[in-house]
Amino acid sequence: MLIAGFAALAMAAGFTPALAQAEGTVNIYSYRQPFLIEPLLDAFTEKTGIETEVLFLDKGLEDRIAAEGENSPADVILTVDIGRLVNVKEKGVTQSVDNETVNANIPAEFRDPEGNWFGLTTRGRVVYASKERVDQDTITYEELADPKWKGKICMRSGQHMYNIALFASMIAHHGEEKAEEWMQGLKANLARKPNGNDRGQAQAIYAGECDLGIGNTYYVGKMITNDKEPEQKEWAKAIKVLFPNTEGRGSHVNISGMALAKHAPNRDNAIALMEYLSSAEAQAIYAEQNFEYPVLPSAETAELVKSFGDIKPDSLPLAEIAAHRKAASEMVDRVGLDEGPES
Amino acid sequence: MSSFSLNTPKLPAADRRARRQSHKWPIGIVVVIAAVVLLPVATLVVAAMGGTGEDWPHLARYVLPQSITTTLRLLVLVALGSGVIGVGCAWLVVAYEFPLRRVFAWALVLPLAVPPYLAAYAFAEFFHYVGPVQSLVRGLFGFERPSDYWFPDIRSTIGAAIVITAVTFPYVYLTARVVFLMQGRNIADVARTLGAGPARVFWRVLLPVARPAIVAGVALVLMETVNDFGAVQHLGVNTMTLAVYSTWLNRGSLEGAAQIAVIMLVLVLVLLTAEQMARRKQRFHAPRGTQINIRPPRKALSGGRALAAMALALLPILAGFGVPLAIFGRYALNRLYQFGEPALAEAFLTSVAVAVAAAGLAVGAALAILYAARLVRSPVMIFMVRLATVGYALPGTILALGLLLSLARLDNAVDAFARSHMGFSTGLLLTGSAAAVILACAIRFLALAEGAVQAGLEKLPPNLDQAARSLGRSAPASAVSVLLPLLKPAIFTAAILVFVDTVKELSATILLRPFGFNTLATYVYENASRGAVEEGAVAALLIIVTSILPVALLSGPLMRDRGA
C-alpha cells in the first residue's frame, strides 16, 4: 500500500523512470562533475547527433550499476582515480572494448590490458611550496619525511583517494615497511591535522600556516583563472609547483578515465562517445578546460599548464599502484596520519 | 504510551478478545510500515553478515576505538551545547519580557534552515586565518603571522561540535519552549505562591518537568550528529560515519562498511530507547481550557538586563544563521546571474516536489502507526513503532545503499515477471525514478514526523475518541472526525519538519536519483565536491530560504496560539 502510495506521488510529481533505450542517446554515469564534461558532450552531440544524459554520483556508482543489473541504463562510466577504474572492473560492471581508434589514441600504459578501462587525462600529484619561504626548486616525495620540514607541511585527509594513490605508489616503490616509516615522518612534519581540499592547502600556504602542501596540478590552474574569487589568485601566486622526483623515477600521476558498462543499452552510441573522448579534439578541450594533461601524445597541453614546468610521470604501471590501495588505506589508519602531528 | 493505560478501565475478558479481533488491521499497517523502513536496514545487516571478517583485526585495532571515541566526544559536546542553548533560550523567551522578545522567539528557529554541511563550510571560512575574525584579531593586536598568537582551530572535534550545535539546538529550543508554555504554568504558579523565586522555580520545578521534552529534543540533535557526513568530513573529524565511508570506498569493503554501520545502529537504538524512556514519564493531559487563556507571568527586564537578554538570544541566531547567511550571501553577490538560470529553477521545483511528497508520505505513515499504537497498547506495538523510526539514525548514504540494493532487486523481479508473463519490460520502476529518493527521505524522516505527531497526540486525552466510539462510530471514523482536526497543528509541524529536512537532504538523494534529477542540495554539492562551494552559494541561499518559509509558517501560529 505504501509503495503504491508513493509511486502515485512520484507520478503526480511528474517523475517517470528514465528511458533506458531511447533512440540516439548515450547514458553516462559519472564520478566527474557535469560541468567538467559538458563542453565535451556538447561538441560530441553536435558532431554525431547523439544526445547525452549524465548522472553524477560521488559514491557507490559501481554498487548502483551492479544493483540495477541487466536493466541498468548506464552506457559509459566516467571517473577520476585509478582506484575507482580498477574497482568498476573488479565489481564486474564493465565490458571489454577492443576498438582500433581508441587503442590507437590511448597509450598502452594508460589503459587496462583487458580493455575494461581507458585513461583520458593525467594529473600530477605534486608539492605546492611557498615562494617566499621555500628556497629549493626541486624536491622528492621521500624528502617530505625529512625532519627539516617539521611543522611545515599541510595536506588533505590521508584517506582521500588522491593521497591513497600516492601512498600506494610509495608502497609499490619502497615496500610496506619503508613506506610506513616514511608516513610516520610525514605525520611528524605536519603543521596541522589534515583537512580541506587541495585548494585549501594553497590557501594555508598563502596564510602562512605551512610552507609545503600536497596537491594536484590542475587546482593551480583553477585558482589562477578564478575571476569570481580573486583572492584565490593570490593563493596561487603565493605558491610554486614543485614536480617531485623529476631527477629520479618521476612524479606520481593519476588518471581520469572511462569504461563501457556491462549491459550498455546503447552500445554503439557508447563506443562512438569513447572514440570521440579519445580523439585529439576532445583531448584538447579536456586539457584546456580542466588544466589536466591529455593522454594522447599528439594533443596539446594548455599553455597555463605548461607554465608550471615539465612533468615527468612515474613510469610504474597504474594498475600495479592500484593493487596497493588497501594497504595504503590501512597504513593511514595505523600511523594515525589524520590525527595530525601531535598525537 | 503506557501512560494511557492508567486511564483505560479493565475490560471484561470477552470484550478484550473482541477488541483484539478488531485490531488486526492496525497491527497489519504497522507491520507493513516497519517492514518498509527495515528493508534497507535488513539488506545492510545481510551484507554485513556476508563479510569475511578479515578486516576486523585492523578495524578493531586502528579504526573503531578512535572513531568511537571521537563520535562519543562529539555527541557529549553537542548534547551539552544544544541542551544548554536550547533550554536557556526557551526559558529566556518564556519567562522574561524584553524588547523584540517576540522576534527573537521565532528567529531562534532559523538556524534549523541551515544544513550542517553548509554551516561547516561557512564556519571554516569565518574562522579561517584569512577570514574576518582572525583578520580582526590581527588588526587589533598587530600580529602578523599565525605563530604570533593562538587561535582555537575550528577543524577539531570541539569545532565540529560548535558547528553542529549552532544549527541543531532549535530542536531542543522548540520542544523545551512548548513544555515551558504548556505544562509548566500551573505548577510554576503553585511553586510561586509557595514563595519560590524564578530561579528556584526553574531549577526545582520547570526543568524536571521539561526533562522528557528536553531529552527528546536532544535525541533528535544527536541522531542528526551521528548521521552527519559533510560537516565532519570538511572539518577533518574522524567519526564512525567517516569510518564507514573510508572502509567502503577506499578499501572497497561494502561488508566492512555495513558492519560498522550496524554498530552505529546499535548506538542509535540506545539513544532512541533513552528518548522513549524519557518520554514515557511524560504524562500530562491537563484540561486545555485552563492553559490557553492564562498569560504566563513574564518578568519584565529593563536597562542592562534587557540588553543582556537580547544579546543572549541574538548570539545563537547570529552563529547558526547569521554566519552562514553572510558567507553565502557574499559569494552569491558575485553570482546574481545564477538566479536566472533554468537549471537552478528546475532544481528548486524538484526540491519542493520531493519534499512535499516525502512529507505527505512520512506524516501519513506516522499517523497510521501512532493511531494503531493508540488502539493497541502492547509492548510489541511500542517496539514496532520504535523500529519504524530507526531510519533517522542511519547515515543517508548507508540507508540509500541498503534501499538501492533491495529496491533494485524488487525492480528487476517485477521486470522479469512482466517480461516473461506479459511480454514487455517495466525497466527500473523505483530506482529509475524519483520514487526511490522520495521513499528514502520518508524513511529517514519518519522519526521527525512521528515525534511531532506523538507530541500532539499525547495532549489529547484518550476519552476524546473513546467518547466518539461509545456513540457508535467506528475506530477509523472517530479518528478522522475527532482526532484529526485536533491534531492539525501537530500534523502541520510534522509535515514542515520533514519538508525542511528533505530540502536539505543530500547523501541519499545523490546516490538514488535518476538521470536529469537535481535538487538544490545536489546542485550545491556538485559544486562543493570540486572544491568550489562558492559556485553553489546561490543554491545554498535558496535552500536556506526554502527552509525558512515553512519554519516561519510553523512558528507564526505557534506564537499566536499560545500567547507566546
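Sequential numbering from 1, following the chain as shown.
Just so it is clear, glycine is given a Cβ too, placed from its N, Cα and C backbone atoms.
Since we're looking at a predicted model, the values are computed, not measured.
Positions annotated as domain 'ABC transmembrane type-1' by TrEMBL: B:68-273, B:348-555. TrEMBL lists B:25-51, B:71-96, B:103-124, B:158-180, B:201-223, B:256-274, B:306-328, B:348-373, B:385-408, B:428-449, B:479-500, B:537-559 with the feature transmembrane segment.
Put simply, of B:158-180, B:201-223, B:428-449, the stretch with the most CB pairs closer than 8 A to the transmembrane segment (B:256-274) is B:201-223. Looking at which of B:25-51, B:306-328, B:479-500 has the most CB pairs under 8 Å to the transmembrane segment (B:385-408), the answer is the stretch B:25-51. Of the Cβ pairs linking the transmembrane segment (B:306-328) with the transmembrane segment (B:71-96) and spaced 6 or more residues apart, 3 or more are under 8 Å, so the two regions touch. Among the recorded stretches B:25-51, B:71-96, B:158-180, the one sharing the largest number of Cβ pairs closer than 8 Å with the transmembrane segment (B:201-223) is B:158-180.
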